[in-house]
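Asks: The compositional bias 'Basic and acidic residues' feature in TrEMBL is assigned to B:127-142, B:391-410. Per TrEMBL, the feature compositional bias 'Basic residues' maps to B:143-152. Feature annotation from TrEMBL assigns compositional bias 'Polar residues' to B:412-434. As annotated by TrEMBL, domain 'RING-type' applies to B:34-72. Taken from TrEMBL, the feature domain 'UBZ4-type' covers B:190-218. Per TrEMBL, the feature domain 'SAP' maps to B:261-295. Sequence annotations record features per position, and here TrEMBL assigns region 'Disordered' to B:110-186, B:388-498.
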Amino acid sequence: MPVQFAAKRLGKELSKIQNGLPPGIELVSADDLEEWLLDIRVLDNNPLYLNETYRLKFRFSQSYPIEPPEVVFVKQADRPIPVHPHIYSNGIICLDLLGQQGWSPVQSVESVCMSLQSMLTGNTKNERPAGDEDFVRANKLRPKDIEFYYHDNSV
Amino acid sequence: MEVFSDEALNVTDSTDWLNTPLACLMPVEQAFRCHVCKDFYDSPMLTSCSHTFCSLCIRRCLSVDSKCPLCRATDQESKLRGNWALREAVEAFTKSRKALLEFAKVPPTVVAAPPDQNGSSSPPKRKATEMDGAKQEDQDIKRPRRSNRSTKTRAAQLTAAILEEEEDTNTTPSADADQDYVDQPPDDGLVACPICLTRMKVQQVDRHIDTSCPGSPEAAAALAAKRPTPQPIFPSLNSRLGQNAQTQNQKPPERLPALAYSMLRDTALRKKLSELGLSTHGSRQLLEKRHKEWITLWNANCDSSRPKKRSELLRDLDEWERTVGNPGASRIGMGMAMGGGMGVGQGPMARAQAAGAEIKDKEFDGKAWATKYGGSFGDLIKQARKGIKKQNLDGDEGNKKGEDGKEGGEKSSSPAELPTSQAREGEGESSSAAPPTPMEIVPPSSPPRPEQDEQQQTPGKARLLTEDTAMSGQVVPGTPEKGQWKTSSQQPPIAGDA
């Protein structure tokens, strides 16, 4: 049942996505129910993100949607990592929505993309998070493990 | 992924209605779908905050964190109440969905039929469709006129129309079947049997022709007149209620209470599990999770209008056990570990055992394990190499541990690959369970004892360190592995919630 739980839910999301996504969000690939790639663009004229497209990687566990997906930006030649005080230069995103505490099963791939879109849209600071270099150099953990520690500390 | 192809074929979604003439049904269908599983509500339950979810969905959510997924209001499983009106609505909708969708996707034949009013002489099949078409036309003509009338007469007319419709849904093919067809809305989603013209669902036609088709419309009418209780096209509300009441009477559902696991000793918990007829095998954490899952499945089943058999539920639990239920395989496990169960009353032995089980697990997160303990592995290998030259140290514990370790690693043919060769998420356990198991195998050429002794030390330190860094951000000074551990378990600088 839990296998079907995640697979069914993702199947539904996928069929919905294939029927259309909000402007500025595009599905790049969804070959299985474990890892999906999507592109997002910021739609307003925010100079920080003008004319750039960013690639997002979603990874789903068996417990999705009870558990949040792992969402990171991936860097490619034409897909930079957006500059944002909550996005590390290795693509890891510090967003409570994606953590165990902030996640809710009613969220979906689409809603996460839209949240990230609006997170970028609303940003005016041309900076990385504090300690970005150290973190990027030292971090070997996967995003969700970091999130785990992070939320643990913030409690 | 075979699940994918299987599921992808069966996925229905509210967007199915887009690009059909019935696109307006999309929001209707959306309202019938659960926000968690995005499927049609299965035993919909109302929360204290008046949101509705499938019984199983909301019970799962609440057991992970006691909040409504939609509004984050705190809630408890025991406060859930059934939303039976919605259940009936969903049932009715899902029953007619396929036929409706088929109807919406196929261009309606009625439009193509010539509007021949005196169809009494034409063949029966054509007549029915023509009359439908005629009726639609009629309505089209009437509509503007109707809207000009006073609201009172309009309301009266609408009421009459509704009554008529209700009659229609309850009427069955009878002597005046032709009349019925005329009054029936053309989008009832049913098709006429090509032989006797009885209207039915598309998928029923073949069987009907094979078994119960009387051969001609007249014969059908005669048959219907003889039959005191012909099969209704839609089961009436009353009969449905009757069915529900019946099944509920057969199986009075008794919900299981949640347990305060922290108050239960291992033996008491095992007893509870065996009383329920469940396996008592596995670590304490697994026992708790198994019990919790069973309660979730069981209670959700109690809410169902068609409760599954106990054996089916046991199968569901078994499937859960093989996938999500493994210790540390899911975040659920982590949540529980955080809730105070972490390492409580577990000696190093128990932890090593748990680690063995964890690695054997097919869900084992090898990547996480490797990154987490990579530094420690490296150190242990160095120490083991040094240890070859050292005197053998004795340790009864070490021997036992060695056995556990071998047990844990026996799946791997190439020891060096071990940390990455098996996939599994193991965050919660990893911090409490020591990493000795793979290590036992890594230097296969070295004599076992000295390194076992080293190992005895390392897991403890490693655990201390990870826990410390995890909980308070401090690094314990003076530990040999400090450098390694500091990097591998270092936290990101906090950037705050975005």
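Note that Cβ sites are derived from N, Cα and C of the backbone, with glycine treated the same way.
Because TrEMBL annotations are produced automatically, they should be read as predictions rather than curated entries.
Let's see these features in context: how buried, what's close, how far.
Replies: Note on the domain 'RING-type' (B:34-72): mean pLDDT across this stretch is 92.
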Asks: Could you give the residue numbers and ranges of same-chain residues that sit at least 6 residues beyond the domain 'RING-type' (B:34-72) on either side and whose C-beta is under 8 angstroms from one of its C-beta atoms?
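Replies: Same-chain residues near the domain 'RING-type' (B:34-72) but 6 or more away: 13, 79-83, 86-87, 90, 93-94, 292, 296-297, 299-300, 303-305, 331-332, 335.
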Asks: For the domain 'UBZ4-type' (B:190-218), jot down how many residues DSSP puts in helix, in strand and in coil.
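Replies: Per DSSP, the residues of the domain 'UBZ4-type' (B:190-218) fall into 11 helix, 4 strand, 14 coil.
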Asks: Within the domain 'RING-type' (B:34-72), count helix residues (DSSP H, G, I), strand residues (E, B) and coil residues, in that order.
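Replies: Helix/strand/coil tally for the domain 'RING-type' (B:34-72): 10 helix, 8 strand, 21 coil.
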